[in-house]
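Trainee: Below is one structure. I have some questions about it.
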């Protein structure tokens, strides 16, 4: 195609040249201009070729032009500016963040149910992304330090898109979803013998589905490889190619896009899970989204993200190594490197790993840099815990479905994340804050948010659950260990499959069978199954004749309970906490970029990514998950030994969450204070030395 364009261009040029020579011959015969014909022809030939080169060919004299290999059209140069680059970078960041911190997390429970995966394996799927990024991030940023950063980022976007497509593959290969059991199996069958053994009769089906675990792992590996250069190289590129007084605002916009995107993932994922069945049609199955057997549409979001990522990769790859004005902006920046952390790479530094250990050691010896990253790791610990278990916390405290919890958090995080990141960037630009000013801002913000974390102590009562929080016989609070079996369902031969129903006494039962329901009366309002003659739900009893007893009914799904008065107050306070937490994002990034040597900025961002993942996002969910497991009061154990928690004691859940947030926030304050006290820039040290040397 390029060859065709070249031939076409030069054919047009030759015809014009022939016409010009004919005109010159006529002029010569009439005695005019014979001497100037050749120079004019050569000049027109030169002009035509130059015009063609400017439109279609790469300019060897302009390394800042935009395009792909030999295709660099003039119209595309209109996109060759910081604003357009930031738009494409934000698009990739939004796709990445909405996927990893949104779609993957909100679909964890669904993947467990659909592919018979224990929590340990879904936890591995979630953590695999961070492990891959940790393994490659420092090497990617080290190589990108001297390379073309947009090309690294654009290539990563393409790899990320392929990973998203791969994540959807199990849906198309596994066939239609068949949920276990049927209606007749799960209500009280008097004098029936229940098959509660783990004889492995269904092992082949379970095993075949669980093999898709490796497909999800491979997809997350591609996600990790693709996302590795995004934040470290992307933010460094913005910082180096934008006026010093505006770089914080650009980074703030980028961080805002990346920060509220998980909420888009939660919101979109929640809507898909609640409103669309995994196989798109659900009429023949007779279940709705209130049933624990329901599997919502988990895969469509990944398909959309894959398309967006691939489309975004094309313009990103086209950008040059530097935008126009980058060299001028470099000289405009005030030196702020920590004394003793100056780093001058040796010849061939970008193409060789011989200086790699020295580069990393120089960064680790930079105390302000190291302490900032410890603080970022502490904050990431909180963010990871809230991201993974936030929906579960809201679901438990306020008795809502998983889809509703995801939507609530999405609606909350979008405005607070957007406002917080933009506010942090605006403060730096408005007051022209240098390193110490940015750290002071972080300290004030974190101290304020620390006092607001008491919102986690605003707890709601744990739902009434027969045999767990409420006694079967008298309906009073249960003080002993959980026991969902009672005299009223002793002869029902109940299975252990969790299928909760809400009794007419507003008490939740483990299943229709455990409520003692002997009759199935079809479906009621909202398509929910209705059961009657429930032996464990006594609505009235004749005091003179104990044989005259009226039994209640039960409806599929959770009991609605809107009695918690703290719900509005909780979400208002948490909105402020989130906005304050997000507002320190930009200051921590710009502070790191200022305190390290200019030749180490990309490597420093990569090392920061490694540290906050290793200290925060990877261990956070593991530690917090182990803590909240202690608040579980109802476990369901599978034949393979894996367990699923269905009910948490809300007050314990809240105290563990409060404790984690307070401890991590105090550590952040300590680390930021240490960074402030140990910072001594080159100029400050030199001035102090001059004063000391004066007689």
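Even glycines carry a Cβ here, placed using N, Cα and C.
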Trainee: Under TrEMBL, the annotation transmembrane segment belongs to which of these stretches: 40-60, 61-81, 124-144, 187-207?
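Mentor: Comparing 40-60, 61-81, 124-144, 187-207 with TrEMBL, transmembrane segment matches 124-144.
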Trainee: Would you mind telling me which of 405-427, 474-496, 497-519 TrEMBL tags as transmembrane segment?
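Mentor: It is 405-427 that TrEMBL describes as transmembrane segment.
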Trainee: For the feature transmembrane segment as recorded in TrEMBL, pick the matching range from 12-33, 276-297, 298-319.
Mentor: 298-319
Trainee: Of the ranges 368-390, 529-551, 598-620, which one does TrEMBL flag as transmembrane segment?
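Mentor: Residues 368-390 are the ones TrEMBL records as transmembrane segment.
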Trainee: The transmembrane segment (439-458) vs the transmembrane segment (653-672): three or more C-beta pairs under 8 Å (separation of 6 or more)?
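Mentor: Judged by the Cβ rule, the two regions touch, with the required three close pairs present.
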Trainee: Under 8 angstroms for C-beta pairs, at least 3 of them, ignoring pairs fewer than 6 apart in sequence. Is the transmembrane segment (249-273) in contact with the transmembrane segment (653-672) by that rule?
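Mentor: No, the transmembrane segment (249-273) does not contact the transmembrane segment (653-672).
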Trainee: Based on DSSP, tally up the residues of the domain 'Kazal-like' (482-535) by helix, strand and coil.
Mentor: 6 helix, 19 strand, 29 coil
Trainee: Among 83-104, 368-390, 569-596, which stretch has the highest count of C-beta pairs below 8 Å with the transmembrane segment (124-144)?
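Mentor: Between the stretches 83-104, 368-390, 569-596, 83-104 has the largest tally.
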Trainee: Determine which recorded stretch among 83-104, 151-173, 298-319, 368-390, 405-427 has the most C-beta pairs below 8 angstroms with the transmembrane segment (653-672).
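Mentor: Per the Cβ under 8 Å count, 368-390.
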Trainee: What else in the chain is close to the transmembrane segment (368-390), if you only count residues 6 or more beyond its ends and a Cβ gap under 8 Å?
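Mentor: For the transmembrane segment (368-390), the far contacts come to 101, 105, 126, 262, 338, 341, 405, 409, 435, 439, 442, 581, 584, 588, 591-592, 595-596, 604, 607-608, 611-621, 623-625, 628, 657, 660-661, 664-665, 667-668, 671-672, 674-676, 678-679.
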